[in-house]
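Here the structure is laid out as structure tokens; the discussion comes afterwards.
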């Protein structure tokens, strides 16, 4: 009787479900007749920032707007948040498709912010906002420019004084005497692209002429010329030298991630100064480029890590000048997560999520059908048909605005399996299987299941999930059969039937074993599995949970996939061994073999140890320094399974270029248990970088990262000028010459020379100080002594710390040449 009752119950369910399903399809057809092919507006083209040249021969502005929609969208436009009335008398506005056309634009009426609204039966979306501005570049003032008089050897600045203009960005060039003789830019001449001014670090006679500044606006394709500025160099009997003086200094700057920016620095001075750049809180970014003979530091594709304090330094033999300013890097809003179009059941819960990154952190606001919502988040506890529409989340910071658009469609229908019927499912014996039941239905239906003629209910082995799926644990052959899912909501019923087939499960019968090798050797990881012969099997290897792609890394990996004879009547065996070739330290770790079929998988793991040279020491830094020594400290790197036996230290200075040299240490051999060492025999007042290597019995490892540049303390010079000599000059002049000391032997700041000389018959030396480290001679005029008087001469170096030894004494004669 119980079996008969169950059969009758199932029969009633099947018949009623079939009838309901048929009537539901008709309801569905009516409900989604338009929606089946329709959708809300999706922008394909939006307005962009527009600069209209005031002198444009084309007397109109076109702002583009186009949206894909079904049914087709209709369009409206807003200016400064007010709807544009196209029918107003005397209106300059018209619509062409979705595009806004402004005829005979007038600055006072039409400059402003515009946005486009596209709408159809499913809702409205609003475009990003774009401004219309009127561009202009006035003529330079007609007033005559005054002449600029400059002594030769001094610096000069010619002011451009660009005329009123919009937008702010201009480019500048200068011409000399006539167009198109442009001023070439080099170490001596520079044109600021911020002010337009022309800078000449050291004027000479060739700079004489008439100069004109050209200001160009790429936005409106216009250039204008200033009146000529005469530059008159004044000749000097003695060309005096002047220390470097920075006249162009970049300000604190804010850049956006991904931008290219240029920082400017330029100095006046005689000799012509050299410009050098550095980042005070780290190395200059790898994306930097020094241009325009050093005056421009260009940073390409700026990133957050490029922010910091930058310094430009101008140096010549008479002195130096420097300037520092801060570069801050911020970012336009960018979506981390944003809304997408979706269909949701009537009465269901739903939350829209939008997350944006940016600097400053963007603010999020929400819009529905083009209107701003007074809500911080979009959460629905129970969706209604009125919640359907076009939604937009807007992320905004001071750098810009970002829109994400999506359509929410709330629907209701009886269950239907038309697009997702149950199918045949395969399951491994003794394994787990989930049979999905995914009808389209709204509101969410209730579910029941049957196997053949038996109704199923939850037990220790069988579970009906909340989403309708059926889970069976510890599957046996007895679980094979036909399974039917019944779905019912307040709008109707439906069912669908599939089948379950139980196959043999997969088992690994040859597992990988642990291995211990040296770097450069090979290792073989075995892996074989028993599986149902009707199923394909794949072996997937992973290293520390990262899947190995043997095709892209064939240099180090080779996999064997062999199907062997049947071990048992119903089971086949396959082999998927992995060969690790020329193993490197990075190949050490836990190797896992997964034998995978379409229905299940089995895994086994083994550990591979690779012994090799040590890893790089970390945190190398200078702890103490003197004139000729520094003490380094570091932390141990990985020993890679072989004890560290010793450390080697290398150095690099400004005079060795990119070449690293072995450093002398105390003690000479740095033992493997050490974490400090003293580097000796260094040169005073010299900037050094250091790095450390570790070694063991298997070789020498990679070097550490270099230390920050450190300068040893200053000391008294020990090297004297060489090749002391003399001769030449006008009457009664004693000319003393020498070969200057190389910069690496300055040993300290304020380097110069002390020149000593005396006639042969005089016991006292006369001494003169020469402050220029590049000086090669000194001339002493003595009218009291006869020509050809013999002098003893010698020269020594000095710096802020003291005086060095004198050179060898040489002989020089007082000149007998004619006076001039």
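A Cβ is built for glycine as well, from the same backbone N, Cα and C atoms used for every other residue.
Annotated features in TrEMBL:
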SIGNAL    1-22  signal peptide
DOMAIN    41-133  domain 'Ig-like'
DOMAIN    138-225  domain 'Ig-like'
DOMAIN    243-328  domain 'Ig-like'
DOMAIN    333-409  domain 'Ig-like'
DOMAIN    415-501  domain 'Ig-like'
DOMAIN    506-609  domain 'Ig-like'
DOMAIN    616-715  domain 'Fibronectin type-III'
DOMAIN    720-817  domain 'Fibronectin type-III'
Under 8 angstroms for C-beta pairs, at least 3 of them, ignoring pairs fewer than 6 apart in sequence. Is the domain 'Ig-like' (41-133) in contact with the domain 'Ig-like' (333-409) by that rule? yes
Test the contact criterion for the domain 'Ig-like' (506-609) and the domain 'Ig-like' (333-409): 3 or more CB pairs under 8 Å, pairs 6 or more apart in sequence, then answer yes or no. no
Helix, strand, coil residue numbers for the domain 'Ig-like' (41-133) per DSSP? 4 helix, 52 strand, 37 coil
DSSP says what for the domain 'Fibronectin type-III' (616-715): how many helix, strand, coil residues? 0 helix, 48 strand, 52 coil
The domain 'Ig-like' (243-328) - residue tally per DSSP class, helix then strand then coil: 6 helix, 54 strand, 26 coil
Could you give the number of helix, strand and coil residues in the domain 'Ig-like' (415-501) as assigned by DSSP? 3 helix, 46 strand, 38 coil
